[in-house]
Structures are given as C-alpha cells and as structure tokens.
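Student: Pasting the relevant annotations from TrEMBL:
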- GLY7, PRO8, ALA9, ALA10, SER11, GLY12, LYS13, GLY14, THR15: ATP binding site (BINDING)
- 3-201: domain 'Cytidylate kinase' (DOMAIN)
Amino acid sequence: MIVAVDGPAASGKGTIARALAAHYGLPHLDTGLLYRAVALTLKRAGGDPESEADAVAATDFPATLLTDPELRTEATGALASRVSAHGGVRAALKARQQAFAGQAGGAVLDGRDIGTVIVPDADAKLYVTASPQVRADRRAREMEQHGLAADREAMIAEIVARDARDMGRDNAPLMQAADADLLDTSDLTIAEAVQKAIALVDARVERHR
Ligand SMILES: Nc1ncnc2c1ncn2[C@@H]1O[C@H](COP(=O)(O)OP(=O)(O)OP(=O)(O)O)[C@@H](O)[C@H]1O
Ligand SMILES: Nc1ccn([C@@H]2O[C@H](COP(=O)(O)O)[C@@H](O)[C@H]2O)c(=O)n1
C-alpha cells in the first residue's frame, strides 16, 4: 500500500506519516529532508538559490547529509522552499522518491507534491493542514523545547510566506489532490489526528477493494 501525505509547513504531516508507517508496518520517507539537503549543500557551496544551475548542482549530495542537524533549522527550511521552486531540482529528486514509493509492500511518503506528482496513483492520500497561528505555535513550542528563543509573530509571518511560495510556484505547487482526504489538525491532539488519519486511510482502502 502506498500512502501519500501532503500539506503545508508544521501542519503535522510528518508526525502523522510516521505514525501511519508504524501502524501499517511500512517504510517512511520525509521528502522535505531531500529539499533541505539541496538547500544546505547549495549554501555550503556558496551558491545562489535563484540560480537553477547552482541548485541542480546541489542535488548531488551524499546520503550521509540526511542526518545533519542543520537540516532541521528554520533557515534551512526557508532556503529549501526557494530551491524547491526550480523545475530542475524537482526533476532530479523525482526518481529517488518514486523508487522509495515503489518498493515491495509499499511506503508512506510525506511532502508537498506526493499525491499530485510523485505517486498520483497512491492507494490513499491525505492533505493535512492547520491554521497558520496553530502551526506557528507548534513550531515555536518545538524551538523552545530545544532551548531556542521563538518569536511567534515572526513565526506566523514566516509560515505565511512559506505557504505563498510553496502554493504559488509554477512547478508542482502545493495543493490538495482531487482525490485526497482533508485532515485539519488545528483542534486535534496528536493522538486524535493519528486516529483520524488511520480511519481515513482504512476507509479509502476499503472503498478500493
Ligand atoms: N495535532 C497536533 N497537536 C499538537 N502538536 C502537534 C500536532 N501535530 C504535530 N504537532 C507538533 O507540531 C510540530 C510540527 O509537526 P510536524 O513536524 O509533524 O509537521 P510537518 O508538517 O511535518 O512540518 P514540516 O513539513 O515543516 O517539517 C511538531 O513539534 C509536532 O510534535
Ligand atoms: N515534496 C516536497 C517536500 C518539500 N518541499 C519543499 O521543501 C521545503 C521544506 O520542507 P519541509 O517539509 O521539511 O518543511 C518546503 O517548504 C517545500 O518548499 C517540496 O517542495 N516538496
């Protein structure tokens, strides 16, 4: 079974995707990490994020980079959102994601274009969202837990700007696939969101039987 989980930043899609993978015994790929790795490689090489050639050159990163803690910073996420707008970058990362999705038994992938571009024939698709205020709050709490100061107003502005870039780009913009189930987690605890996600996937698979 292939499950596609898409949605905006800090909506909870990674948390849900990991829980679905554990529940169904499937491998999980956080595809945002790939775009973050491109961003970090480009930054360390002194490249220009607006240059498609520089960004495409940065797609040739070593697998070991995927565990670098700098991938998880807000700055890397924001830079990832700029390099991911280049069609050449998306094309370079596509085969890797599709190979992961195509492994025997299936997989759970989360990102921005999993249900629309990477695996349009996925067995189940979720579009996970939450209000910008809730997402900024979650991000701020996450930072505080890591001992970092968090400015909630700045966080909301960053989330709104990231949404606009990810939803407004020409190449594979973030959008809900026509056949994806919407899951708004604004008023849900993690346990409630996971429970709903499992129910939606089960119902979708049951309908396909
Ligand atoms: N329903 C929820 N209620 C409260 N906190 C949540 C909920 N879902 C996720 N979180 C928390 O919000 C933060 C962001 O969640 P998560 O990393 O899953 O989002 P994401 O959409 O994968 O983010 P990104 O794509 O930007 O990496 C985490 O600290 C997570 O524990
Ligand atoms: N399938 C994807 C996944 C991510 N992106 C871009 O990367 C940025 C960082 O992603 P996170 O999920 O780690 O926050 C994101 O803002 C997108 O621009 C993408 O384009 N496609």
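Each Cβ is built from the backbone N, Cα and C atoms, and glycine gets one as well.
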Student: Specify the count of other C-beta atoms within 10 Å of the C-beta of SER11 (ATP binding site).
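Tutor: That number is 27.
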Student: Quick check on the binding-site residues: of GLY7, ALA9, LYS13, THR15, whose CB has the lowest count of neighbouring CB atoms inside 10 Å?
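Tutor: Checked GLY7, ALA9, LYS13, THR15; of these binding-site residues, fewest Cβ neighbours within 10 Å: THR15.
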Student: Which whole number is the mean pLDDT over the domain 'Cytidylate kinase' (3-201)?
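Tutor: Here the mean pLDDT over the domain 'Cytidylate kinase' (3-201) amounts to 97.
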Student: Out of the binding-site residues I have (GLY7, ALA9, SER11, LYS13, THR15), which ones have their Cβ sitting under 6 Å from ligand 2?
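Tutor: Among GLY7, ALA9, SER11, LYS13, THR15, near ligand 2: ALA9.
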